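Read the structure below first, then the notes.
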């Protein structure tokens, strides 16, 4: 892995810590370490999801033209997509796929150091970074195949990164208005991606890597099983994380309703009764 990516994300982290979040915010101090991590994550998530999506679309239409796929009814489009995914998942890693894995691995390693040093009480994020990094490193330097699966996961897994990090920064900077504006939309969008789109994409990967003969020729089954297990654990951690925030939101709304009801009851009690 080129050291340039490591230096790039380390520089982003230091920029966030020493420049972007160096001042004291109006409503209190900011956890500058976490905020600096968000700076890295915004750049990484936005760039990888956009690059991966553009790459996938370009690759699909290029392959479609080369293989002379003709427009078909929607019922057949599904099988066409599955055939294309299978053909790409088993292909040798392209230079772009290797580059985006190196770029992403550098981010996860720098952010992993951040969590180990400054936020060791976040085991979900630590485990996520370990699983993700080992997935990409083994794909990049051991198998030489299967990198397209990481591209698919970048599209569904990093598309919410920008919104999630702005939401997190609103918490860290005590920006109540911004947090209240983003909270519900973010939780809904995150739940759709992590609860629907990512599991669907993961199932497509499982169908190829775990249930097809072609996959075992390029990726050893034990390693493929580890890959899919890592993704499954990542999804489970994300769903647990978002469910805790849904629970907090529901508890807050319930408390507000109860307080409003109590205030209304108290107001009615204090109104003097008219005597006949």
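The chain as shown is numbered from 1 upward.
Cβ atoms are placed via backbone N, Cα and C, with glycine included.
Listed ranges 35-61, 62-88; the one TrEMBL annotates as transmembrane segment is 35-61. Between the listed ranges 112-134, 135-157, TrEMBL ties the annotation transmembrane segment to 135-157. Highest Cβ contact count with the transmembrane segment (223-243) among the listed stretches 6-23, 35-61, 135-157, 178-203 falls to 178-203 (criterion: pairs under 8 Å). Remote same-chain residues near the transmembrane segment (35-61) are listed as 9, 12-17, 20-21, 84, 88, 96, 100, 103-104, 107, 110-111, 114-115, 119, 151-152, 154-155, 157-162, 164-166, 168-169, 172-173 (criterion: CB distance under 8 Å, separation of at least six residues from the stretch ends).
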